[in-house]
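K.L.:
Got a structure here, written out as structure tokens. Questions coming.
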Ligand SMILES: NC(=O)c1ccc[n+]([C@@H]2O[C@H](COP(=O)([O-])OP(=O)(O)OC[C@H]3O[C@@H](n4cnc5c(N)ncnc54)[C@H](O)[C@@H]3O)[C@@H](O)[C@H]2O)c1
Ligand SMILES: O=P(O)(O)OC[C@H](O)CO
């Protein structure tokens, strides 16, 4: 409710990114916006990195009058309601609107969902700067970290700092093609409701919980994901909108086939999602070498210990270790990533074929990205600059295998005292 007593505006939602996961998330939030017209504008903008796509004669959308002339991916999506390149054979709701212009796609949106491979974050944020509503709030579905020479940042922190907004994170044991086919799964959303958004429209959600990390409780100024005063001066979400709290995000993302757990640990959710990709590569390497579940279990166990050690070392203020044990964004994601997802699948293929993973990404993925490759590089660069790489032997060995300097069969010897 506003001071005048009524909510006048609805949240406008934009998904920034339209890959395999980006398109899947656009589908599910568009189903939710249609279901909750009291809270959200029905149409969901989906920013598409424009490219030309040719529809072959075997495509159900093949048009003989166009023949093999390449067409814009945005036109194909808006005409046939299918992302034929990144999420083929999935019917998208008609309220997903593909838009090739970043500034236009985010214009006046109060909810921004970031969902693209993390290596593009710098360039995309540069284009977004000054074009997003100052009161916008974000959810990053991106699994990765942002590393500079002297610092490591969560992607949600990078987005928040660059755009001057607050951004939470979504991560879990989520394989896009399964969710797009409405097979049940769970996810975790970490959102630490900014203090400035709590004065309006009643505070918390229906359980009386606004979603504030324990470190942030009673904070009059906004604290960042590390529990430190944020340099970002947040603009409150206007009181004319429904309060943007856990309840509203739950309604936006939750589907009958997508069970959402709302938490406030942005650090745990983000690091679990980013660093498990390094471990998934290691699992693919050992399986490609011919070893089986016992070796993979050793890799997963050691990988999880390194993730927790990393979180304790570099994000000690706000990390809630229970996230790794209790949430889909922790062990859940580890298991699915090491047994069924792309980073595992294609690193296994690389070893089986005796070629580099980078070559497999180029030849087999049709434009999709393996986040484990760049995340390994970035994390090792960051650790090496501090002389810490030996404290993370599994991360280090994955980097060595990517460089083809370490052999998979050498892994066990690296763990012998
Ligand atoms: N696919 C999954 O099952 C899944 C599930 C959970 C989380 N994720 C995470 O979601 C994020 C997005 O993954 P995805 O699967 O949607 O992407 P994807 O692997 O399908 O990546 C391809 C996307 O990158 C875009 N792209 C290519 N070049 C670009 C450029 N120069 N600038 C901007 N965009 C460019 C393409 O247009 C396409 O949308 C990743 O961090 C991933 O780890 C993926
Ligand atoms: O297909 P991947 O390896 O990018 O992983 C997808 C998801 O992160 C699994 O939860």
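Using the three backbone atoms N, Cα and C, a Cβ is placed for every residue, glycine included.
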K.L.:
Which candidate from 129, 143, 251 does TrEMBL annotate alongside 342, 343 at the substrate binding site?
P.N.:
143
K.L.:
Check TrEMBL: it lists 17, 18, 19, 20, 21, 22, 120, 342, 369, 371 as binding NAD(+). Then name which of 169, 173, 176 it lists for that same site.
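P.N.:
Among 169, 173, 176, only 176 appears alongside 17, 18, 19, 20, 21, 22, 120, 342, 369, 371 as NAD(+)-binding in TrEMBL.
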K.L.:
Which whole-number mean pLDDT does the model give the domain 'Glycerol-3-phosphate dehydrogenase NAD-dependent N-terminal' (12-194)?
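P.N.:
Mean per-residue confidence for the domain 'Glycerol-3-phosphate dehydrogenase NAD-dependent N-terminal' (12-194): 97 out of 100.
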K.L.:
Among the binding-site residues listed here, 343, 371, whose Cβ has the fewest other Cβ atoms inside 10 Å?
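P.N.:
Fewest other Cβ atoms within 10 Å, among the binding-site residues 343, 371, is found for 371.
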K.L.:
Taking the residues the record says bind substrate (143, 342, 343), how far apart in Å are the two Cα atoms that sit farthest from each other?
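P.N.:
If we measure all Cα pairs in 143, 342, 343, the largest is 13 Å.
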K.L.:
Using C-alpha atoms only, work out the spacing between residue 342 (NAD(+) binding site) and residue 276 (active site, proton acceptor) and round it to an integer in Å.
P.N.:
12
